[in-house]
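Chemist: I have a structure I would like to understand better, so I am pasting it below and will then ask my questions one at a time.
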Amino acid sequence: ASGADTCCSNPACQVQHSDLC
């Protein structure tokens, strides 16, 4: 999903959702 892709580009979101990346 594009939302997960955007989260993958955000370091803060990546930390909170490391399982998505």
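Note that the numbers count up from 1, one per residue, in the order the chain is shown.
Note that Cβ sites are derived from N, Cα and C of the backbone, with glycine treated the same way.
Residues or ranges marked as disulfide bond by Swiss-Prot: CYS7-CYS13, CYS8-CYS21.
Describe the structural context of each listed feature in the structure shown, including burial, neighbouring residues and relevant distances.
Modeler: According to its DSSP assignment, CYS7 (disulfide bond) is helical.
For CYS8 (disulfide bond), applying a Cβ distance below 8 Å and a minimum sequence separation of six or more within one chain yields GLN14, LEU20, CYS21.
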